[in-house]
């Protein structure tokens, strides 16, 4: 399995190099929205500018590390029928998607981490103050967040076996996550009801939770509870994905035959 | 000028007929537009949950600004965006030759040939939000305000058209155009909020180099009765300057094109 994965990763890496310009463009796009929001908050609470700078830089970083685009790929491939090609290969198609995700996130990390280091030397607000255990927990939370986002995106993509407008459905989910994952505002600044919702829904654990660990906003019992809820959602999403996959295969064969 | 009006009407009619074939899409599109504006309003609401001023603008004023932004974006999506991929296709296949032999100006043709009507919903919703903002602000614009608003709005449309046209013209050299419009969108998104909110280098760039702030802020201020003649004149001057630049750039690109084709 490990050998297969190494081969997969190598293939995806070569594929990615062919689209360097596009990758750069998507990166720029991903940066502007958090930056605009950052300026808004710095304007509202000028005395906390430094913490907003750190928060929104972390949003850009964590967002890139966890983002998944599988729903659009699946939507297109299932609709156009090219998805069947994947089924003929000896490995479950999800492994190709996982390999692609790993490679892209690795690339983003390779670009963003040095940028962060350089920026932090000039801009003290960007220097993280984290203990070793905090760093470990942060990395764990990022991996968990990436898994959650990937599972959600892939499960939604599988809905394309039954529906024609899956991308639109995912668009709605994405908008909800815009508010509840902490991209529009640090969750502490949301109205209380929204904040309560964000605790129980999976979106907080995709972006905000790792950042809360990095800034020290979440610790102790809060932390344990957060990991427990996120793990629960992960189990639920794995279950949903497996069920959707089986049902989708049946549906697919019915159409094909 | 009259001839261009007639040609534009003809484009309008042809596209309307085309679009009527997909009437069932209309409802879905309407929901999508409505959803988009609801999200924008909710976002502004979350900001104002914490404050009563944004860059010195009140809630109602920011709503008027948001309405202007949505209206302008509706116009972009109505006329300019649908034409971009087609120009690219013409350049790639060499069918631009046919357009150049037509008796209308090529720049006019490539920027208005294809129109997407349902995007006018965004214009209507934008005007609705402007009205709502004025209501929240309890301000009734005077005739002079409206007049000034129409003038600076026209200048903004010209500016956007010029910027967009320059972006489109790069398709003679750049192949992936969706990436380009993506960049335009992210920069135009800064115009959603008051320019006075931004600081430092960002503020300089979006005020003077890429006048995103000028494009939305001046019309909103005009409607709120806070216009000044010099600002309006500056907006008009900038619009004419950018139009001239866009025109020059298009001509330059055409020379490049014939060079490659021949």
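A Cβ is built for glycine as well, from the same backbone N, Cα and C atoms used for every other residue.
These features come from TrEMBL:
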TRANSMEM  A:21-41  transmembrane segment
TRANSMEM  A:53-72  transmembrane segment
TRANSMEM  A:106-126  transmembrane segment
TRANSMEM  A:132-152  transmembrane segment
TRANSMEM  A:159-180  transmembrane segment
TRANSMEM  A:226-245  transmembrane segment
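The stretches the transmembrane segment (A:226-245) and the transmembrane segment (A:132-152) meet in space: the count of Cβ pairs below 8 angstroms, excluding pairs fewer than 6 apart in sequence, reaches at least three. Scored on C-beta pairs under 8 angstroms, the neighbour of the transmembrane segment (A:106-126) with the top count among A:21-41, A:53-72, A:132-152, A:159-180 is A:53-72. Beyond the transmembrane segment (A:21-41), the same-chain residues lying 6 or more positions past its ends with a Cβ under 8 Å from any Cβ of the stretch are 48, 52-53, 55-56, 59-60, 63-64, 67, 104, 107-108, 111, 183-186, 189.
Residues 27, 30-31, 34-35, 37-38, 41-42, 97, 101, 105, 108-109, 112, 116, 119, 123, 125-126, 128, 142, 145-146, 148-150, 152-154, 156-157, 166-167, 170, 182-183, 186, 206-207, 210-211, 214-215 of the same chain, all 6+ positions outside the transmembrane segment (A:53-72), place their C-beta atoms under 8 angstroms from a C-beta of that stretch.
Long-range Cβ contacts of the transmembrane segment (A:132-152) within its own chain (Cβ-Cβ under 8 Å, at least 6 residues beyond either end) map to 62, 65-68, 70, 97-98, 101, 105, 173, 202, 205-207, 209-210, 213-214, 216, 223, 226-227, 230-231, 233-234, 237-238, 240-241.
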